[in-house]
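What TrEMBL lists as ATP binding site is 74, 75, 76, 77, 78, 79, 194, 239. Feature annotation from TrEMBL assigns ribonucleoside 5'-phosphate binding site to 100, 122, 123, 124, 153, 154, 155, 156, 200, 211. Positions annotated as CMP binding site by TrEMBL: 160. The region 'NMPbind' annotation in TrEMBL covers 94-124. Among the features that TrEMBL reports, region 'LID' is placed at 193-203.
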């Protein structure tokens, strides 16, 4: 029976190209080099991403537990994720942070594409985001053994959902979706205040308007989809961080 171990490189996207197949022959374990493994190809605009079709180490180590964290920009997702990490031991993966890191990585072939999408409030192609998330989970499991993840700000539209379902749904255990509900006015005020020190290119009035349009037009439908599956845990995020976290703790305290 064949298993695949993902080996990380300096490029967060190249992990999906470098897979080793470990095959048991009698009592010995033999390794087949990547060059002899068939690869499928996914096209992202004018670039090509090679995807190892056999899966990843997830199939060897068991399925990681995943909680999606959704809500409008400025609803406090990042702040609450930090508290959840400290209280319940999850690893926080921010889709936006991973994309910004890849954008800033020297030599990234996707940097300009990511920046253009982020600056204009659009959603980055799902193939890139899924590859970054999968690689981050692999690295965390390998380094710490922790298999519980908060995925913050993903999936944000139908394309994200379909891409995740196709590539990752069978590899993880979806626990639930944590949804922070907050008004546009309050979220905008929070983001503008954050923008005074964050240095983020999207924490400004023009980008925020576009981000809210994207949220309303695309992400709300994803939340409704998970509501139909009875997977959404809704939180009123209009209060202060500590008050909001009291409700969050009650939800996570129910999990095994």
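Each residue, glycine too, has its Cβ placed from N, Cα and C.
Where TrEMBL records a feature, it is marked here on the structure.
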| residue | record | Cβ within 10 Å |
| --- | --- | --- |
| 75 | ATP binding site | 25 |
| 76 | ATP binding site | 25 |
| 77 | ATP binding site | 24 |
| 78 | ATP binding site | 16 |
| 79 | ATP binding site | 15 |
| 100 | ribonucleoside 5'-phosphate binding site | 17 |
| 123 | ribonucleoside 5'-phosphate binding site | 20 |
| 153 | ribonucleoside 5'-phosphate binding site | 23 |
| 160 | CMP binding site | 22 |
| 239 | ATP binding site | 14 |
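Using a 10 angstroms CA-CA radius around residue 77 (ATP binding site), the binding-site residues that qualify from 100, 123, 153, 155, 160, 200 are 153. Across the region 'NMPbind' (94-124), the prediction's mean pLDDT works out to 88.
Shown in sequence order, 74, 200, 203 are the residues of the chain, 6+ apart in sequence, with a C-beta less than 8 angstroms from the C-beta of residue 194 (ATP binding site). For the binding-site residues 75, 79, 123, a Cα to Cα distance of within 10 angstroms from residue 160 (CMP binding site) holds for 123. Note: the region 'NMPbind' (94-124) comprises 19 helix, 1 strand, 11 coil (DSSP; helix = H, G, I, strand = E, B). Shown for the region 'LID' (193-203): DSSP residue counts in helix, strand and coil, namely 6 helix, 0 strand, 5 coil. Long-range C-beta contacts of residue 155 (ribonucleoside 5'-phosphate binding site), restricted to its own chain and to partners at least six residues apart, with a cutoff below 8 Å, comprise 68, 126, 161, 163, 164, 222. Taking only the Cα positions, the spacing between residue 75 (ATP binding site) and residue 100 (ribonucleoside 5'-phosphate binding site) is 19 angstrom. If you measure from the Cα atom of residue 76 (ATP binding site) to that of residue 153 (ribonucleoside 5'-phosphate binding site), you get 11 Å. Among the binding-site residues listed (78, 79, 239), 78 has its Cα nearest to the Cα of residue 123 (ribonucleoside 5'-phosphate binding site).
Counting in whole angstrom, residue 78 (ATP binding site) lies 9 from residue 153 (ribonucleoside 5'-phosphate binding site) by their C-alpha atoms.
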